[in-house]
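Visitor: Annotated transmembrane segment per TrEMBL: 127-149, 184-203, 215-232, 252-269, 301-318, 338-356, 368-390, 396-417, in sequence order. Per TrEMBL, domain 'DUF1736' is recorded for 277-349. TrEMBL lists 466-499, 500-533, 534-567, 568-601, 670-703 with the feature repeat 'TPR'.
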């Protein structure tokens, strides 16, 4: 870490060990005061990503926010400390073990303040966090480049105002940050980066008394902020490695001991919280980590590193997902892509040599800290210590990009200093680079506004990625365009023949289109590839039921329940099968199980009432219907079924009330008007019966039985009129 030197007067004295970097004043930017440089940096960060403020929930937001019950104020707050980032229990084998309770807490606060799942508040906070982080980067870069000094009045003085400002501008505008800023799930990276910075800056304050002493209190404060960063995202632990960068100040052994003990405790606590060990990932998540040959694994890991470096250098080819064939494995030395890892290591070794062996102390310092900040935060995503669940993830570069921006700012300053004849060209080049990055960030954040544009943008980058085609298909299906969805699902299966989720979704659409034979083949293949795929077993059962393969359908349903104990929809479909087979008791038991697992399962409740009605158990049907309405007081379908049951028991007044309540909720139900008309017909309220028969026929002229009943009523009214006359 770099100490903060305190001077004995208001002037900068020669007793300072550090000196102003000679290349700083050559940076082709105007020298702004601290306030203006921060305002400009915040403004640049804002214009890059502001157009994402009213975007939708996209991609992983669905799982982490929309379907995450931990955000709901009705869920106990303690759940966020027991569950992972996605709302699954940490002890579950299916959990990704991503323990980020403070990030989930901010999502919950957004939910509470907005009164529901409204994405604007989520997006605005993400953009604001990026602005704050970009501004704080000025202080971080100032310390890393030249340290911070104090005058006699404790005012901070920066030795590298231009360089730190330029590096912060590069950071604020880097397009690789789009996933973290425009994607709401990226808040984990933003919060982790914020507390990473605060931990680093608090550690620096431990040295404001001079270069031979330090404050233990500030050290503990830094460790505490590191713990907070870890509770936002696991990557936060890496700040402690950055904190031991200064090897030449007093009390090194004591600081190392404090940081080592603090870091060990945090890692131990994190491991205990993880519960059942590291998460398990599949080959499609990270194919290189499943390569049997160690050499192949190492080569492909290094190729991944080179691709990450390329995203920092040229962030034009950006994609929301890089798995499933997007990056084919290198399998032989003849693959030309092997050149890129070699080039990467040549560049890194060159930078390391300059950082360690240069005669220029400023160059050594800046390059060393730039490399440390580039490499250390990336280590958790490197596959070196444990397998990660992705090939490339742009969000993990959020912190590492700061190291790249620091090195880039140094390169601009160095060139400006040594190429004075081309200073104007360098100024134009620097400003052009900033403008291009701002434009690309704005364009990319626009693509993140909706799933439709996000998924479409990935096709040109990763046309071989089966998940891209799958997500486009799913988005089309959700919007009702099933014909187009089929095309993309088929392509996903072609690119990845074992893509069981694509098979399942394609099978579902084919089932709805009554192409049952192909649907059965696809779903059978899916459960053969992944025998514990409960949803595919259930869908296979539905198809087999439609094909009259009742025994096979029953077995498929029970397989689904075996692999997912709490599966109310499967119990519901099993009940439908039993009802078709006239196994009424089994059907009622299955539907009762569905309602026990999911009390608001409207279809299961309604089917129980209808079945009991059809089998003549009217009293029990009435009890079930009233029990259902206590849970679902505004469900018009249950009101309708219960009203029919009450009408058959000649409880006309009570039946009328439920019919009218159902029509109040949905006044355009032809069958409800028709059955209410029948009730009035039986009750003797013929004028009301006539009115509702006519309303029913107006809504559905072909309603079965209604026209005949209406004609009977008209004859009865005519007879009554003749009798009166």
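Quick reminder: no glycine exception, Cβ is built from N, Cα and C everywhere.
Unlike curated records, TrEMBL annotations are generated automatically.
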Visitor: Do you know the mean pLDDT across the domain 'DUF1736' (277-349)?
Guide: 86
Visitor: Let me spell it out: take the repeat 'TPR' (500-533), skip the flanking residues so only those 6+ beyond its ends count, and list any with a Cβ under 8 Å from a Cβ in it.
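Guide: Those are 466, 469-470, 473-474, 477, 482, 485-486, 489-490, 492-493, 539-540, 542-544, 546-547, 556, 559, 563, in sequence order.
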Visitor: Please count the residues of the repeat 'TPR' (466-499) that DSSP assigns to helix (H, G, I), strand (E, B) and coil.
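Guide: Tallied per class, the repeat 'TPR' (466-499) gives 27 helix, 0 strand, 7 coil.
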